[in-house]
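Undergrad: Following this message is one structure expressed as structure tokens.
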Ligand code: DAS
């Protein structure tokens, strides 16, 4: 038989390769993916398998997250680092800067091919957009979370993490900006937001996902339309502090109190989460004009989300008031862009350009 004529060394190589293959360890070079853990539900733990919504976030360390999905090693050479261990509603601008610098440093390393960030879902959309604006890399950077803790029945974290590593390990995810994988979908960090607070199908993009990830394979259907990462004018390595920007909600019976208080507190821009097309109550307009006169930027977004955009000079004379419109960005994303943009300009026309391009 042919097998016995093979020299012993060749036979042992064949056996080793066969064994390695069966264990899912493939001889060919695998992508090197680093998982940066920050906390959230994906690291959460509940008292019982029935607790899919009652649990404590930010409990499970990154090495246990990785150990919980042994199949990751079939996708990539994976290593983990615990950057924070917090629920993401507690993220601050300082957390964003620290995380951004950490990701940028890793992206510069020749032995890193892709980066995954595990994150709470509450502000995941803000972090993903921030990184999309300030990272100068075309390597895949994928932000991922989960809606249920790993201790619950039908927990979504394992598959979300598997999908995120699969996307971070694939060359066709390069150059698409910062991505978010949730619930089998691949979204751009720019568009995606959390639209449901208690279901696994929680993350949506008003213009749709970029693609899907199924059994570790990516399927792309569109590409990002706005500037990001290697096309950005912002640079995390030149950023040490973000501008203070706050958000005030528009609604019936609204008053100028919140806007004035935020300005008193040092806000350099106010995001108006307006009704409809970013409309501003007549009771609030004079206060905003006064604050604009004092140098505070006024940026009209809308509380109406899910597709559409605030049109300049439609219901409000933005040119006359020297106000900015957030275009299709929801209020929380408008805050992120304004807090970065104001580190480069205080000119409303320049801000408006940035809101149209990013
Ligand atoms: N509190 C939420 C957070 O950390 C939990 C989650 O959904 O991840 O964002």
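Count begins at 1; order follows the chain as displayed.
Even glycines carry a Cβ here, placed using N, Cα and C.
Per TrEMBL, the feature active site, O-isoaspartyl threonine intermediate maps to 41. The active site annotation in TrEMBL covers 41, 121. Look at TrEMBL and you will find 32-224 tagged as domain 'L-asparaginase N-terminal'. Annotation source TrEMBL lists domain 'Asparaginase/glutaminase C-terminal' at 245-355. What TrEMBL records for 1-27 is signal peptide.
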Undergrad: Count the other Cβ atoms sitting within 10 Å of the Cβ of residue 121 (active site), across every protein chain shown.
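TA: Other Cβ atoms within 10 Å of residue 121 (active site): 24.
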Undergrad: Within the domain 'Asparaginase/glutaminase C-terminal' (245-355), how many residues are helix, strand or coil going by DSSP?
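TA: Breakdown, helix to coil: 40 helix, 21 strand, 50 coil.
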Undergrad: If you measure residue 121 (active site) to residue 41 (active site, O-isoaspartyl threonine intermediate) at Cα, how many Å is it?
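TA: Here the two Cα atoms lie 7 Å apart.
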Undergrad: Through the lens of DSSP with three states only, how would you label the residue listed as 'active site, O-isoaspartyl threonine intermediate'?
TA: helix
Undergrad: For residue 121 (active site), just give me the three-state DSSP call.
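TA: Note: residue 121 (active site) is coil by DSSP, not helix or strand.
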Undergrad: Identify, in sequence order, the residues in the chain of residue 41 (active site, O-isoaspartyl threonine intermediate) that are 6 or more apart from it along the sequence and have a CB within less than 8 Å of its CB; answer 'none' if there are none.
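TA: Residues satisfying the criterion: 55, 57, 120, 121, 145, 146, 147, 148, 149, 157.
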